[in-house]
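Student: Can you keep this structure in mind? I'll have questions shortly.
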Amino acid sequence: MEPELGSERPRLAQAWDSGRTSGDLESAPIWQVGGRKLSPAGRPSLGAGQSGGPAGPPSAPSPRSWRLVVTRLLSLARGGAGASAVPVLSRLQCHITAPAPTMLLLLPAALAVAAAWPGCEPAGDPAGGCRRPSAPDSATCVDLQLRTCSDAAYNQTAFPTPLEHRSRAAVEASPEYVLLSVLHHLLEGQCNPDLRLLGCAVLAPRCEGGRASRPCRRVCEGLREACLPAFDAIDMAWPYFLDCGRYFGEEEEGCYDPLEKLRGGLDEEEALPSGLPPAFVDFSHHSYAQMVRVLKRTAARCPQVARTYSIGRSFDGRELLVIEFSGRPGQHELLEPEVKLIGNIHGNEVAGREMLIYLAQYLCSEYLLGSARIQRLLNTTRIHLLPSMNPDGYEVAAAEGAGYNGWTSGRQNAQNLDLNRNFPDLTSEFYRLASTRGARTDHIAVPPHYWWGKVAPETKAIMKWMRTAPFVLSASLHGGDLVVSYPFDFSRHPHEEKMFSPTPDEKMFKLLARAYADVHPMMMDKSENRCGGNFLKRGSIINGADWYSFTGGMSDFNYLHSNCFEITVELGCVKFPPEEALYGLWQHNKEPLLSFMEMVHRGIKGVVMDKFGKPVKNARISVKGIRHDITTAPDGDYWRLLPPGTHIVIAQAPGYSKVIKRVTIPARLRRAGRVDFILQPLGTGPKKFLQGPRRSGPGLRDPPGGAGPHGAPEEPGQEPLRRPPGAGGKPWWWSYFTALSQHKPRWLLKY
């Protein structure tokens with residue numbers, strides 16, 4: 001790879017300005033570029049301490065070396081250093097075979113040309129490279145008319161750009177601009193629009209008041225750390241023009257944050273109306289910015305039990321913000337079960353979004369007021385609330401407004417994907433494995449071909465989130481009817497639109513669904529003419545596939561891929577209710593939400609350890625008669641939701657003998673029974689333990705690149721590289737760039 005031309009000028013200029021004699025100049029390494037010495041052929045020479053023998057004194061540059069230097073300077077002159085310098089350099093090129101003194105007479109003119117080139121300035125880089133110059137004192141500001149950068153935080157730019165593009169047309173024709181325009185598709189929404197706005201800050205620098213300024217280096221470094229794994233996942237190198245040390249500035253030189261508009265003032269605190277207490281709950285619809293402020297303000301009121309964090313971004317770049325409640329926020333505590341509640345998976349079904357915003361404020365206020373029930377719940381349970389899984393779809397629905405929203409407007413995300421149909425279809429694989437004796441039907445791996453389809457960033461965020469915490473219980477809040485449904489959602493006969501399709505944990509799922517429905521006043525209303533009246537005879541609960549069958553649902557995926565049991569709650573027949581109905585909805589759903597979260601403490605819990613007291617992670621907990629195992633967390637703790645009755649429970653791990661216990665759960669027990677297991681190592685004989693799922697033939701295979709304990713990639717949310725056969729060793733995306741432009745961006749290749 002050719003060295004940067006810009007790094008030659010300071011080396012050459014320093015050699016001349018030092019006042020050396022002609023003999024010194026002949027022996028000086030003036031062809032040193034970026035901290036590397038170049039041989040006459042232009043390749044880096046071996047320095048001291050490298051293989052190839054000890055480094056001797058530098059030899060005088062050969063005519064070929066002079067020709068290399070002058071040819072490069074001539075290229076600089078023609079490219080922008082000034083047409084008047086071309087004859088001088090051409091003359092120097094003609095005298096390239098002359099004695100060194102003759103060339104030295106012409107060298108000052110060449111050095112003057114190099115000094116006039118604006119591409120690089122000495123920066124004291126420890127690596128010997130160069131940094132781009134700081135923003136010029138003055139610039140001619142022009143309107144920013146680049147479509148890909150239309151949502152930047154500024155509206156004027158200046159030419160030439162740091163990449164030496166001298167016009168809008170030059171920018172739009174560049175491979176760098178093409179990359180920015182398709183990056184959100186290549187990364188499937190990850191780091192979007194953050195990376196695009198960061199790249200725009202380099203391709204079209206901000207210009208205000210006749211002065212161009214550089215974006216802040218800290219913003220670039222933070223984004224690089226967060227987004228580099230997404231580039232690695234598609235085998236793409238980090239773009240050179242996002243070099244944080246080269247094209248970005250420091251705070252002291254007046255840099256700016258190119259992502260400030262993206263945050264949209266979310267960090268600014270919105271003051272409550274005067275005279276209202278901090279515990280005031282506004283029963284109204286919340287915009288995205290208002291939702292974020294309320295969640296952050298709530299966490300700030302209860303820092304001892306609450307915090308907010310993001311699990312990723314939507315396709316349009318909105319944070320998927322979670323508020324957590326726990327005795328120790330941010331930490332998993334031994335034997336403390338984890339619950340998650342998710343709202344707004346369909347953007348136009350907004351009641352769940354508002355219920356979770358209200359629930360967060362309620363939990364905080366009641367905790368501070370000393371409510372024994374809420375304090376006990378938060379001190380024994382780790383609760384995660386994601387009010388909006390589909391904030392992009394919500395914006396579409398909210399633009400129409402309550403009462404005017406169509407049945408489907410805003411349902412999908414910004415990619416026009418139904419997020420509750422976008423998860424891997426593991427239910428079909430379950431039905432196939434269920435017919436195979438001895439095959440495991442739990443913790444089914446994501447099939448590799450799933451990643452070749454269109455996977456929404458919101459879906460990826462949930463899948464990654466599920467691997468970061470040992471969730472036990474979950475609920476997804478919807479709208480459009482009044483009923484609680486539970487897995488399976490996909491019929492065991494694919495051609496049956498309605499068919500009762502129970503899981504091995506049918507009894508437990510019914511208990512979970514009833515825990516919500518039985519305390520919901522409208523679900524228990526005996527009128528068949530009400531919303532959801534057709535489910536009255538079923539107790540307002542139903543098996544999902546018996547209602548209507550669909551594949552790719554989040555509830556089925558939770559059950560078959562992890563330890564988590566998830567139900568679906570339909571909160572009402574109006575998907576986007578008017579504001580005056582929200583307080584009534586909260587009163588109807590407050591107790592059901594609390595009752596459901598308390599169900600996480602049903603069944604048994606415990607720790608699996610070896611004879612030395614060391615926790616055994618990924619041990620399997622089996623229950624006789626229920627063909628669905630759960631696994632222990634990294635600390636060796638587990639939670640097994642079970643209905644009342646007597647159960648035979650088995651704990652086992654590879655390399656250990658299994659332990660069997662008989663457990664009786666009383667019907668009135670409201671706290672999980674403690675059942676610990678101590679596993680003994682197997683002897684020297686063959687190691688016998690329950691077999692994992694058989695995946696012979698064309699069935700599921702663990703993704704390449706290392707797999708976790710359940711057959712999924714070690715890196716949460718990491719999918720296998722998508723490199724189709726016959727691509728000549730190039731990544732799958734390379735053909736797109738080569739077909740689009742004659743300038744091939746080889747800087748995107750890692751190899």
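Just so it is clear, glycine is given a Cβ too, placed from its N, Cα and C backbone atoms.
Note that the coordinates shown come from a computational prediction; the quantities given were computed from them, not determined experimentally.
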Student: Can you sort out which of CYS207, CYS216, CYS220 is the disulfide partner TrEMBL gives for CYS244?
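Tutor: When TrEMBL is consulted, CYS244 turns out to be bridged to CYS220.
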Student: What is the separation, in Å, between the Cα atoms of GLU570 (active site, proton donor/acceptor) and CYS220 (disulfide bond)?
Tutor: 42
Student: Any same-chain residues 6+ apart from CYS244 (disulfide bond) with CB under 8 Å of its CB? Would you list them in sequence order, or say none?
Tutor: ARG217, CYS220, GLU221, ARG224
Student: What's the most sparsely packed of the recorded positions CYS220, GLU570, counting other C-beta atoms within 10 A?
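Tutor: Taking CYS220, GLU570 as the recorded positions, the minimal 10 Å Cβ count falls on CYS220.
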Student: Is it possible to list how many residues within the domain 'FZ' (136-258) are helical, extended or coil according to DSSP?
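Tutor: Going through the domain 'FZ' (136-258) residue by residue, I get 53 helix, 14 strand, 56 coil.
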